[in-house]
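Beneath this line is the structure, given in structure tokens, with notes to follow.
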Amino acid sequence: LSKVKSDLMIPENNKNHHTEEISTERLIVRRGQPFTITVSFSAPVHNYLRQMKRTFLIVQTGSHRDKADEIQTEFPISSVGDQNQWSAAVEEQDPNFWTLCVNTPANAPIGQYTLLLRASKSSHFLGNFTLLFNPWCRDDEVFLANEAQRQEYILNQDGIIYQGTENAVLAQPWDFSQFEEDMIDISFTLLALGEHFQGEKDPALRKDPVHTCRAVAAMMNCSESRSLTEFEPWQHSNGIPPSKWLGSSPILRQWIASKLQPVRYRQCWVFAAVLSFFCTVLRCLGIPTRVVTGFTWAHNTKSSLSVDEYYDEDGTLLTQDNTAHVWTFHVWNECWMARTDLPPEYSGWQALDATCQEKSKGPSFCGPAPVHAIKEGDTQVDYDVCYFFAAINAKCQVWIHKADDTLRPAFGGTKYTGNNISTKSVGSERCEDITHNYKYPEGSLQEKKVLDKAYRNMKEIETTTSSSTTQFIPIPTALEEPVNLFIHLQSKSSLQLGQDITLSIEVFNHSGGEKATHLVLGIQALHYNGVPIAQLWKEEFHFNLQSNSVNNLQVSVPYTWFGKELGENHLLRLTAVLRDEDSFYMYLAQEEISICDSPLTIEFPENMVQYEPSTAKISLQNPLMEPLEQCVIAVTGRGLIYRQRNYRLGSVQAKSMQELQIPFTPTRAGPRRLTARLTCLQLKNLKSYRTTNIAAA
């Protein structure tokens, strides 16, 4: 053949493959779906059929086709293509050009490929293309039948991560940015490094979404590798507090810019958001993924359904190494795929948790574990179903560590985990409760059957695997609880900024005689993992309770007593410890509440059009009785403004409002989100967001 030129028809192909948001200059296609290219020749090609029979296409990964750790496939150009394998067919032809339809198999390894044309003994470079998983293809293991779900779990870049408590769920905006152009290269860099440090060098493994998920997860916290993030809890002096991040792309770009040095001081919800790869990376690579939050989560239980927590006599949680067994909330990911390595009932959503786990063997992350297996108690199923099952089914017994170093059970303080599991709903910003996907109703016959099956499964594993150190301990028989006293603590599950806390405590005496009691009320600021930051308030009461009577207490705690020491997650634990002075029995009641009101509001004009200048208004209402000092508002909005803007407002007086005008020119049509974050001396990283619709020009 004479000199060859090619047109990869990038705009048309990328649009057909739902990748035009990633790039309009690079060919990015999805496996199992054909794409079209044209090949032109500098001189006419005579005897077309004979020439076609000795012309081939070559696809290969890497820059050296002879390397053993790369993929190379050669296939003929014919008049009819084969959709089940690499193939090419001539759709149109004349003496000076051919239009070729190139088919990729639905199980082809994802990656970055070079496309060559070979005729006789010479090869001609046609171009490069990137191949991704394809949830639109029925034969792909990540096929997702519902178009609205594909739009949400692949194409939507505006996410929400839920925090707070099980009774006061807070929505935090998160920008996945999976289609910003450099994200695809960063995603494959992470995948390659994860494979390297797991010792997996066969590029053919990339056809498997399970392999891809585990390789990416390994790069999140692998201590031996140049992991993406590094955990040093609650120490922000040399890093950025996790709540200050607004999205995935700045974290990923910082990792690349620092020559793969870990981005420090992450939390599980930052893990889950960045790993949207697992949401940024996995969505970018084509695997449907969503972020899930579980409230009251048992962490590092080592597959035990029985965990213990220890409190002092003032009601403060005692921890070792700054860790707690029961977290206020925990965030992980679910990715959608067929599990060809397992029976078909385990296909569908798979739970994947990149947070460091204390495991006896294997990697420190968990999953992908079939959500169906977790619900059914099939704890023998790969990967790590037993860890997820224990985390959402454990029962926590609370003990009081007395001053004389003795332990007393705290009656009434038992915690049950996995009470609320939530994710963002499809096509809206509403919170969807998906607890039923993970658990049968509490106390139901199905739940009892599942727990019994889980015990049997683990006993079988222990007998067949003598070297295993994992123990699946059943829930113990409840402590025989005296019915003499009962304590009930009640407060609002959420507070607005500046609002006082009102505690309502009822102490019941069901005994036949008078009781002398000692009551300690306390408030602690919390990290998201349940570890206390500081004791903010404590008050003690002594009173006698007559037989079969109740004592009601109403206590108000001013905001000024606790507001200055709120942690970055704005969580508080309220505790009431009651001691029977006669029997020395201890009783505990506790509530966790969140400060949930953002002082920022965002307003848009009614009608906005792409490429036409417009202005948004951000209002900052100071709810406190003191000025807010050194106020800075950070504003981001992909398709609305270019990069993050920071506005310095100085001081905002007590109980006053300050408005900020944000000029912008929208460059993209459709739903667009503007996010604002307030930081000042008194309040840290409070966020607000608003989504608007931009009309196409």
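One-based numbering along the chain as shown.
Using the three backbone atoms N, Cα and C, a Cβ is placed for every residue, glycine included.
A TrEMBL annotation is a machine prediction, not a hand-curated record.
Because the structure is a prediction, the values reported are computed rather than measured.
For the region 'Disordered' (1-21), DSSP puts the residue distribution at 7 helix, 4 strand, 10 coil. The feature region 'Disordered' is assigned by TrEMBL to 1-21.
According to TrEMBL, the feature domain 'Transglutaminase-like' maps to 260-356.
If you look up TrEMBL, you'll see Cys268 (among others) marked as active site.
Around His330 (active site), a 10 Å sphere centred on its CB holds 27 further CB atoms from the protein chains shown. Summarising the annotation, TrEMBL assigns active site to His330 (among others).
TrEMBL lists Asp353 (among others) with the feature active site.
For the region 'Disordered' (1-21), the residues of the chain that approach it from at least six positions outside its boundaries are 27-30, 33, 35-43, 45, 51, 55, 117, 119-120, 122, 124, 126-127, 129, 132, 134, 136, 154-155, 157, 179, judged by C-beta separation under 8 angstroms. Packing around Asp353 (active site) is summarised by its Cβ count: 30 other Cβ atoms lie within 10 angstroms of its Cβ, all protein chains included.
Taking CA atoms as the reference points, His330 (active site) and Asp353 (active site) are 10 Å apart.
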